[in-house]
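The feature domain 'Orotidine 5'-phosphate decarboxylase' is assigned by TrEMBL to 8-229. The annotation substrate binding site is assigned in TrEMBL to ASP14, LYS36, 63-72, THR123, ARG184, GLN193, 213-214. What TrEMBL lists as active site, for OMPdecase activity is ASP63, LYS65, ASP68. Marked as active site, proton donor by TrEMBL: LYS65.
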Amino acid sequence: MTDSVASPVIVALDYDNAEAALAMAAQLDPAICRVKVGKELFTIAGPDLVRELVGKGFDVFLDLKFHDIPNTVAAAVRAAASLGVWMVNVHASGGERMMRAAAGALAPLGAKRPLLIGVTVLTSTAEDELAPVGVIRPLKEQVVALAQLAKSSGLDGVVCSAQEAESLKQTCGSAFSLVTPGIRPAGSAADDQRRIVTPVDALKNGSDYLVIGRPITGAENPAAALQAIVEDIRNSEV
Ligand SMILES: O=C(O)c1cc(=O)[nH]c(=O)n1[C@@H]1O[C@H](COP(=O)(O)O)[C@@H](O)[C@H]1O
């Protein structure tokens, strides 16, 4: 984790219009959290909104999970980088050539390049959902295999569940970033997530960044919900 933001929390701005996303961002402090723009918000609000959030001082994770032919993904991550985002992701299941092409497209940017992260197995996926899509390995093995492939293809880290973070830190090393959605404070609804972990347990397991959407954005007081999570983390001294 870099020191520029005083917590590992990335707030998912999952909204269907720019105004709602900006209203939420106005309640958040870029000194204590980062923000994520995903498919819904980007589709409706586009690059202007991303630039606006960057302009407000936020580290922005552009979560478009690119998965296409190598040439297209390389061009897409280059376009993402031109928006000034801090992190961008691709699906690791797109394979080695695709991931190498993406890493190669960002390399000329040097230290200014965004972190390039590979999605392993979505946190909404349960073990019994893999076989129907042709994956016959146990889920945990699939996550490790895709993480190792992402690492050897030149990526900076992966998206995984914090349930897999401990074994990934062992196999991929401490410098390989683990970005973990499916974070749920104790007592929160799981919603469509299947592999959930509390914020403090996720950090104990080795997560570097915690992606949190509805438990913060759906709270009556989102700033207070964020603050409570940040305090919990501080008090646990992980
Ligand atoms: O890449 C992601 O951010 C992502 C990967 C994954 O495996 N699971 C996952 O939930 N996400 C995203 O993380 C966010 C989680 O939101 P909440 O479930 O509301 O906390 C959503 O914006 C998802 O699109």
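Quick reminder: no glycine exception, Cβ is built from N, Cα and C everywhere.
Mapped onto this structure are the features recorded in TrEMBL.
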residue: ASP14; record: substrate binding site; Cβ contacts under 8 Å, 6 or more apart: GLY38, GLU40, LEU41, GLY213, ARG214, THR217
residue: ASP63; record: active site, for OMPdecase activity; Cβ contacts under 8 Å, 6 or more apart: ALA12, LYS36, VAL37, GLY38, LYS39, ASN89
residue: LEU64; record: substrate binding site; Cβ contacts under 8 Å, 6 or more apart: GLY38, LYS39, PHE42, ALA76, ALA80, VAL88, ASN89
residue: LYS65; record: active site, proton donor; Cβ contacts under 8 Å, 6 or more apart: LYS39, ASN89, VAL90, HIS91, VAL119
residue: HIS67; record: substrate binding site; Cβ contacts under 8 Å, 6 or more apart: VAL73, VAL90, HIS91, SER93, GLY94, MET98
residue: ASP68; record: active site, for OMPdecase activity; Cβ contacts under 8 Å, 6 or more apart: ALA76, GLY94, MET98
residue: PRO70; record: substrate binding site; Cβ contacts under 8 Å, 6 or more apart: ARG97, MET98, ARG100, ALA101, ALA102
residue: THR123; record: substrate binding site; Cβ contacts under 8 Å, 6 or more apart: VAL159, CYS160, SER161, THR180, PRO181, GLY182, GLN193, ARG194, ARG195, ILE196
Going through the binding-site residues HIS67, PRO70, THR123 in sequence order, which have a CB under 6 Å from an atom of ligand 1?
THR123
Reduce the DSSP letter at ASP14 (substrate binding site) to three states and note it down.
coil
According to DSSP, does PRO70 (substrate binding site) sit in a helix, a strand, or coil?
helix
Please state whether DSSP places GLY213 (substrate binding site) in a helix, a strand or coil.
coil
Averaged over the domain 'Orotidine 5'-phosphate decarboxylase' (8-229), what pLDDT does the prediction give?
98
CB contacts for GLY213 (substrate binding site) [other CB atoms within 10 A, all chains]:
18
